[in-house]
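**Student:** Sending over a structure as structure tokens; questions will come in a sec.
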Amino acid sequence: MAPPSRRECPFPSRRFPGLFLAALALLLSSRSDACGPPPTFVAMELTSRPKPYYKVGEQVEYDCKKGYHHFAPFLTHTVCDRNHTWLPISDAPCVKKVCHYIPNPAHGQAILANGTYSFGNQLHFICNDGYYLIGKAILYCELKGSDAVWSGRPPICQKILCKPPPTIKNGKHTFSEVDVFEYLDAVTYSCDPAPGPDPFSLVGESTIYCRDSLGWSGDPPECKVVKCRFPVIENGRQTAGFGIKFYYNAAVMFECYEGFHIIGSDTIVCNSNSTWDPPVPKCVK
């Protein structure tokens with residue numbers, strides 16, 4: 001049986017070495033006598049699909065990317081020169097699109113995040129003291145189609161006004177006849193005379209002020225009788241805060257007799273629950 005015959009390439013390099021070398025030389029010369037892919041830019045892009053290499057004298061065109069617009073008279077094309085390099089070009093012709101100018105709101109400020117109105121940037125809004133912001137505190141310059149637009153309407157600064165503060169049982173506050181209070185307006189509470197032998201104590205902050213759009217700086221105080229029991233300490237004595245009756249915030253100090261030491265605090269205060277805080281100490285050997 002005869003061995004199978006081998007098929008040979010009709011144009012092997014061994015039979016036609018001259019033809020093979022000529023083709024290789026033509027291929028190499030076509031690539032060496034050319035430019036590589038054209039440069040890329042942040043703001044521009046080619047108007048046609050890039051090729052691996054370009055002939056000398058071949059020209060490519062650029063157009064501005066989305067979000068950029070052309071700024072004449074700069075060139076937006078380049079040419080493969082005889083040195084097999086692209087003629088210098090930059091993307092300076094294409095500049096970022098910008099959002100329209102927004103002025104400071106009345107009684108406030110509009111602050112650019114990085115000093116320009118170009119797309120991708122932010123505009124921050126703040127209000128002066130005595131005013132609060134209604135609307136979004138930050139707007140973004142965004143692309144909508146081919147235009148640069150703000151992400152919303154600019155906010156406004158509204159004057160801070162407070163409703164009258166709460167009334168309290170067994171007490172009153174100043175300016176009770178006023179219907180509307182402005183920023184930092186303050187009222188002071190006081191207690192009425194008590195009907196019994198012990199007076200009302202004002203528990204809490206006596207003065208609150210109109211703070212912001214949420215209202216007053218704190219809760220109103222209470223007017224109530226606060227009276228702690230007479231403090232008794234065995235094997236010791238009072239050194240300060242003497243009295244017969246002990247009302248809200250009354251303070252008493254103690255010391256132990258010789259040979260005893262104190263357990264607890266040497267100073268106690270009558271708190272709003274009519275108890276001593278901390279508890280009355282003890283004197284032990």
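From the backbone N, Cα and C atoms, a Cβ is placed for every residue, glycine too.
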**Student:** Among the residues N83, N114, which does Swiss-Prot list with the feature N-linked glycosylation site?
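**Tutor:** Among N83, N114, the residue Swiss-Prot annotates as N-linked glycosylation site is N114.
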**Student:** Return the single candidate from C127, C191, C210, C223 listed in Swiss-Prot as disulfide-linked to C162.
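**Tutor:** Between C162 and the options C127, C191, C210, C223, Swiss-Prot records the bond with C210.
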**Student:** If you have Swiss-Prot open, could you say which of C223, C228, C256 makes the disulfide with C270?
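**Tutor:** Of the listed candidates, Swiss-Prot names C228 as the partner.
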**Student:** Which of C223, C283 is the other half of the disulfide bond that Swiss-Prot records for C256?
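**Tutor:** In Swiss-Prot, C256 forms its disulfide bond with C283.
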**Student:** Sequence gap of 6 or more, Cβ distance under 8 Å: name the residues on the same chain that satisfy this around T167 (O-linked glycosylation site), in order along the sequence.
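**Tutor:** Sequence-distant Cβ neighbours: H173, S176, P220.
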